[in-house]
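The block underneath contains the structure these notes are about, expressed in structure tokens.
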């Protein structure tokens with residue numbers, strides 16, 4: 001039988017539509033893949049920033065096998081595609097590049113994001129989530145909502161994810177970005193990751209060591225070679241949190257600063273989760289459709305990392321010149337482990353063992369003159385959050401151009417003030433900050 005999709009007279013849009021018809025079972029040479037559904041949505045509906053045009057179509061997938069089969073089918077026809085989970089780390093444009101895409105949307109099945117909260121012995125390895133209370137091993141389909149997984153693990157008496165409570169998005173994005181907050185990151189509890197290798201056409205489990213994990217980075221972040229389909233974590237079974245090292249969170253829980261610095265203090269994971277949710281809500285970092293401060297891609301810039309004492313001292317000197325001695329002495333500045341030259345942000349090119357130093361992007365943004373709620377003069381459609389300077393927000397009618405204009409203004413201002421180039425954290429589709 002001839003594959004009608006290979007018709008050379010198809011335009012890009014026509015080819016995408018024809019492939020979607022085949023996947024939906026309504027076109028010629030229809031393809032039936034269990035656990036899939038073809039639908040139409042705009043990126044404004046699929047992302048937390050709520051901007052972006054509509055792609056050619058959306059294929060919802062409710063299992064790793066469905067994702068693998070759909071991606072394989074689209075790749076076989078050289079169809080441009082984008083994998084989307086919670087849409088919390090995307091900035092999407094409105095041009096032709098976007099309208100020609102087919103989105104493969106990870107969508108967990110069942111209620112509460114597919115999280116089964118029964119005893120470990122009753123859990124099915126074929127479900128969206130498997131939690132083993134005895135060993136602390138947790139496995140989740142990539143499409144499960146992240147915070148619902150965190151809530152389920154805390155409720156099950158496991159510790160390790162509580163500091164990452166309230167982060168929007170899906171499980172599959174967490175190892176790609178090496179998601180982190182309040183002194184914890186996914187790399188600390190990651191056991192293994194299931195990938196669909198698009199080159200070999202195979203599903204496989206890989207160890208964290210294969211991902212080159214760094215600060216808000218993995219080697220999956222800027223490549224389309226593989227798709228995360230499931231993630232497995234190793235959590236603790238004593239019901240206690242990870243050590244409380246982040247000052248703001250430690251203070252919220254009544255932990256002395258010196259004790260927190262020692263990195264030995266742990267608290268019940270349930271208490272830590274509640275404290276984190278309260279802190280995030282106060283910064284507009286918990287999704288609320290009625291609050292434009294939450295219409296964002298989360299923390300927009302990564303905390304900059306510089307290599308070597310000379311680079312560190314240059315930033316401190318610039319702060320001292322602009323803001324005075326008191327600010328220079330009290331600015332947030334942390335020594336971090338050398339990345340050995342990976343692309344994890346700021347530390348690229350560092351030799352092994354060379355000291356690296358991390359600054360607070362939010363602190364630098366504010367000291368460069370960008371207050372909470374700041375917007376480009378004459379354009380109020382996009383602004384910094386009124387609660388947190390690190391979030392760039394859609395005030396209700398912003399386009400990608402508005403967000404880019406705001407991001408460029410902030411990045412330029414920080415560079416001119418302190419000589420630091422802020423790196424954006426989101427993935428850009430059909431639009432660029434450069």
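Using N, Cα and C of the backbone, Cβ positions are placed for all residues, glycine too.
Feature annotation from Swiss-Prot assigns domain 'FAD-binding PCMH-type' to 51-238. Here Swiss-Prot flags 216, 425 as active site, drawing on sequence analysis. For 299, the entry in Swiss-Prot reads active site, proton donor, with the evidence type sequence analysis.
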(Q) Return the count of C-beta atoms lying within 10 angstroms of the C-beta of residue 216 (active site), excluding that atom itself. (A) 21
Q) What average pLDDT does the predicted model assign to the domain 'FAD-binding PCMH-type' (51-238)? A) 90
(Q) Which secondary structure state does DSSP assign to the residue listed as 'active site, proton donor', in the simple three-class scheme? (A) strand
Q) When you measure from the Cβ of residue 425 (active site), how many other Cβ atoms are you left with inside 10 Å? A) 21
